[in-house]
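Below is a structure I'd like to ask you about.
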Amino acid sequence: MLENTLLDELHEECGVFGVFGCHGAAEITYFGLHSLQHRGQEGAGIVACDNGSMKRIKGQGLVTEVFKEGSLDKLPGDMAIGHVRYSTAGGSSIENVQPFLFNHHTGPFALCHNGNLVNSNELKKFCEDRGSLFQSTSDSEILAHLIQKNYNDRTFIYSLKSALEMLDGAFAFLVMLGDKLIAARDKYGLRPLSIGKINGGYVVSSETCAFEVINAKFVRDVNPGEVVEISKDGIKSTYYSNMNKHHMCAMEYIYFSRPDSELEGRNVHAFRKASGKLLYKEMPTKADIVIGVPDSSLSAAIGYAEESKIPYEMGLIKNKYVGRTFIQPSQAMREKGVRMKLSAVSSIIKGKRVILIDDSIVRGTTSKRIVALLREAGAKEVHVRISSPQITNPCFYGVDISTYDELISARLDLEGVREYIGADSLYFLSKEALFEAAERNDLCLACFTGKYPTALYHAVKDANKDGKF
Ligand code: AMP
Ligand code: SF4
């Protein structure tokens with residue numbers, strides 16, 4: 001993986017983290033968000049709750065940029081929720097940075113989410129027709145307005161559940177009331193959300209890698225369609241939907257999540273390593289060295305090397321210290337960005353037949369540049385092996401591969417892509433191998449197959465700019 005902040009507009013998703021019943025909840029949330037930083041670098045925010053009163057700090061940039069020394073002291077309380085953002089719906093402006101904080105006549109509440117609704121236009125219109133005015137373009141605000149619309153003097157939970165039932169798409173929501181933390185997951189199970197235990201309290205996180213840092217113990221995943229209420233009475237579980245499926249996003253395993261996270265019981269590194277092994281089994285190729293594109297493809301490269309007995313080499317070195325200052329939108333600057341970010345090690349590569357492992361090809365620009373880098377460094381042959389199938393369809397669930405136009409595999413066949421990236425050979429892992437690596441066969445593979453687990457509403461029109469759908 002090359003960091004999206006440096007390369008182009010490809011987006012990662014967001015991350016959510018919440019704490020209930022722990023002194024210094026904002027600080028714990030800060031560390032939780034820090035370990036979810038890979039899920040979004042555009043903005044971060046924390047709302048903490050102290051005896052029913054809520055305070056918020058949010059801003060644009062990395063967690064360490066938004067929260068300066070001493071700022072967490074301004075967020076007292078034993079309950080907090082936090083968010084790291086990459087804009088998947090809505091723009092990147094500060095109004096869209098979460099969590100959102102609302103006043104309700106029953107008291108304040110805060111909320112944040114990860115994912116993308118497919119019926120947001122319809123729901124916005126529904127709310128606006130009934131008098132709502134939106135301050136942001138984020139899906140989270142839609143939920144807040146729907147809660148309000150569904151209130152009817154019933155309990156907050158009742159209106160939250162009625163509101164959740166109206167949402168279609170992928171999401172993991174955290175809602176904080178004066179006395180409880182609520183976690184909800186979409187009924188298709190597209191986005192991950194896990195519960196942990198810490199010092200007599202609880203934490204909820206997009207990924208379990210955050211638990212390790214704060215010394216929390218994994219309890220369980222939030223189930224698809226489930227609403228988990230965490231209060232001083234413990235954990236209460238109910239469901240807002242009867243239709244509960246398990247269609248975890250395959251890209252969470254392939255690319256987004258951190259290798260040390262467990263996604264519904266399967267470790268991400270173990271998945272990637274298994275996918276690398278299967279990549280060799282499906283298309284055995286003679287070569288001298290195996291190289292992975294840092295960082296997300298290293299596990300798959302290790303698996304490939306182990307299975308093929310071809311030595312794994314550090315042929316590409318990533319400069320970890322290239323910061324956000326280098327975000328440059330122009331094509332010319334992107335080219336430079338890659339060179340700042342990645343170097344090919346000539347002494348390792350020169351004269352060698354190289355297997356280059358990457359986790360995915362979206363636009364094809366990364367592979368094209370890396371193949372060129374390897375050739376310049378003297379590679380004799382470059383065989384590109386991708387540890388996922390060809391991405392031929394847009395994602396409408398929060399992963400910013402949202403138009404056909406930008407997907408090289410939607411436009412070109414295998415040979416066309418190989419020619420474009422300049423590789424000697426190219427192979428993509430099969431869908432069956434993904435299931436084998438994940439040890440399950442119910443993953444969402446819509447961007448590879450075009451079979452979407454939800455209805456699509458307006459999303460199809462948006463993807464259809466070129467009329468190809
Ligand atoms: P591309 O250059 O457009 O083909 O992008 C492929 C590269 O981006 C691979 O190295 C992937 O690790 C990484 N990648 C895949 N999906 C995404 C995504 N949604 N956001 C950011 N990077 C991605
Ligand atoms: Fe993930 Fe692809 Fe499904 Fe989107 S379409 S949720 S990226 S598997």
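Counting begins at 1 with the first residue displayed.
Backbone N, Cα and C atoms are what each Cβ position is placed from, and that goes for glycine too.
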For the Mg(2+) site that TrEMBL gives with ASP358, ASP359, which of SER296, SER299, SER409 also belongs there?
SER296
Starting from the Cβ of ASP358 (Mg(2+) binding site), draw a 10 Å sphere and report how many other Cβ atoms land inside it.
24
May I ask for the distance between CYS14 (active site, nucleophile) and CYS249 ([4Fe-4S] cluster binding site), taken between their Cα atoms and rounded to an integer number of Å?
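Just about 14 Å between their Cα atoms.
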Taking the Cβ of CYS249 ([4Fe-4S] cluster binding site) as the centre, how many other Cβ atoms fall within a 10 Å radius?
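Counting Cβ neighbours of CYS249 ([4Fe-4S] cluster binding site) within 10 Å gives 29.
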So how many other Cβ atoms are close to CYS447 ([4Fe-4S] cluster binding site), meaning within 10 Å of its Cβ?
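CYS447 ([4Fe-4S] cluster binding site): 28 neighbouring Cβ atoms within 10 Å.
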Within the chain of CYS444 ([4Fe-4S] cluster binding site), which residues six or more apart in sequence place their C-beta under 8 angstroms from its C-beta?
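Result: TYR188, LEU190, HIS247, MET248, CYS249, ALA250, TYR397, PRO453.
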Using a 10 Å radius around its CB, how many other CB atoms surround SER296 (Mg(2+) binding site)?
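SER296 (Mg(2+) binding site) is surrounded by 23 other Cβ atoms within 10 Å.
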Can you count the other CB atoms that lie within 10 A of the CB of ASP359 (Mg(2+) binding site)?
26
Which are the residues of the chain, CYS249, CYS395, CYS444, CYS447 excluded, whose CB is within 8 A of where the CB atoms of the [4Fe-4S] cluster site average out, their centroid?
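My list of surrounding residues reads LEU190, ALA250, MET251, TYR397, VAL399, LEU445, ALA446.
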